[in-house]
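**Q** Got a structure for you, written out below as structure tokens; questions coming shortly.
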Amino acid sequence: MHRYKKEASSLIKLATPVLIASVAQTGMGFVDTVMAGGVSATDMAAVSVAASIWLPSILFGIGLLMALVPVVAQLNGAGKREQVPFEIQQGAVMALLISIPIIGVLFQTQWILGYMNVDAVMATKTIGYIHAVMFAVPAFLLFQTLRSLTDGLSLTKPAMVIGFIGLLLNIPLNWMFVYGKLGAPALGGVGCGVATAIVYWIMFLLLLLYVTTSQRLRQVQLFTTFHPPQLNAQVKLFKLGFPVAAALFFEVTLFAVVALLVAPLGSTVVAAHQVAINFSSLVFMLPMSIGAATSIRVGHMLGEKSTEGARIASHVGILVGLSTAVFTALLTVILREQIALLYTDNRVVITLAMQLLIFAAIYQCTDAIQVIAAGALRGYKDMRAIFNRTFIAYWLLGLPTGYVLGLTDWIVEPMGAQGFWIGFIVGLSSAAAMLGVRLHWLHRQNDEIQLNYEAR
């Protein structure tokens, strides 16, 4: 029991800065929306549409680079810090390489908006935002590379501090470029893209300054030796990171596709769906942070050749995450009307949102299990298991169930948005079950198999 308490303490210390950094990231999006809305509804809508194109694109790059965290954690646990610079420098090369196709996708924004039949004025503002923010792609991915270094070494506070500096800088920079203050041009919603690009470059440079000057990282000697790009290392990193990137893509696109399928059901349904989704996304940051911390702890323990420690870290992560999920689920049910009132005063929307928030409360528990189990499996570098199981859960089980219940009369009368939320529960519960079973299978193997599995 003492080991479990000690592990829980270590986990919470790691997860708290990750959570706060996520809040800062969300805060930047909130500031963009509010300040663009101060210009016009069209500017605010343009920023929202641009975010729906920008975020899935950049998330794919983040997913690829997330593979570096367990790599660094395992090397750190094994006392092989001298090998860390090679991995991070290869990661930086990967970040620059994948910036090219991501920018290429962002360049196609005009075609995407044309396909969506977006209003011409809104489309122009959206394209302007994307063309500005695409300059942030290399900086954002290089920042993630360096964050993989600090997180992998169990130093999660630097990214938290720099994330809040970024948020604080984003406010005056938005004020300058959105409203045309201090000699800057008044760009409206496009100015949010300019501010975001500047902020991400500053955040990258600040983290670079930290990793090169911190006494805590003196032994790593990140840039003392230059390691040229190696094709084998790039292929290995891509193979390790691609399943994580794809799994993130499956999850993001699941919610995006459901939003499109709900759209024809009317503005009231769409508004209620958006209230429930937005609140769920905020709550999800809590188990997501615990999952990230679990990945670090499991990787570190495996580096120390302690399969028992890795098993305890996995169990503690799931227990802590499930406990917090039960608490937030109860609060969601009890306060569902007050939650809906934070978003709107339309009683029809509030009534429907309250129903959807009950579904959201149900899936918070299984969502916590699946994201933390996935974090533990990342610690084992079992990326393909995450890829396979999330694809089956989200796209072969969750989405079809939601579609059948929401829009057809094959089983029951069309349930509308409620049907899709039942689909979410089916998908996330299936993911939790399959990832949990996989993790349990790993834990049942003997030490030699587990350590060889980790080292493959």
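These residue numbers are counts, starting from 1, taken along the chain as shown.
Cβ coordinates are placed from backbone N, Cα and C, and glycine is handled just like the others.
As annotated by Swiss-Prot, transmembrane segment applies to 11-31, 53-73, 93-113, 126-146, 159-179, 189-209, 242-262, 276-296, 315-335, 356-376, 391-411, 417-437, with the evidence given as sequence analysis.
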**Q** Tally Cβ pairs under 8 Å between the transmembrane segment (242-262) and each listed stretch (53-73, 276-296, 315-335, 356-376), then give the stretch with the top tally.
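**A** So the stretch in question is 53-73.
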**Q** In the same chain, which residue numbers or ranges, 6 or more beyond the ends of the transmembrane segment (391-411), come under 8 angstroms Cβ to Cβ?
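**A** Non-local partners: 246-247, 250-251, 254, 257-258, 261-262, 370, 417-424, 426-428, 430-431, 434.
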**Q** Using a Cβ cut-off of under 8 Å, list the residues of the same chain at least 6 residues beyond the transmembrane segment (11-31) that approach it.
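**A** Sequence-distant neighbours of the transmembrane segment (11-31): 51, 151, 154, 156-157, 159-160, 163-164, 166-167, 170-171, 174, 196, 199, 282, 285-286, 288-290, 292-294, 296-297, 313, 316-317, 320.
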**Q** Determine which residues of the chain contact the transmembrane segment (159-179) at the Cβ level, with the cut-off under 8 Å and only residues 6 or more beyond its ends counted.
**A** 17-18, 20-21, 24-25, 27-28, 31-32, 35-36, 38-39, 147, 150-151, 185-192, 194-196, 198-200, 202-203, 206-207, 210
**Q** What else in the chain is close to the transmembrane segment (315-335), if you only count residues 6 or more beyond its ends and a Cβ gap under 8 Å?
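**A** 4, 7-8, 11-12, 279, 283, 286-287, 290-291, 293-294, 297-298, 357-358, 360-362, 364-365, 367-369, 371-373, 375-376, 436.
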**Q** Take the transmembrane segment (93-113) and find every residue of the same chain, 6 or more past its ends, with a Cβ under 8 Å from one of its Cβ atoms.
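**A** For the transmembrane segment (93-113), the nonlocal Cβ contacts are 49-50, 53-54, 57-58, 60-61, 64-65, 123, 126-127, 130-131, 133-134, 137-138, 141-142, 144-145, 229, 234, 237-238, 241.
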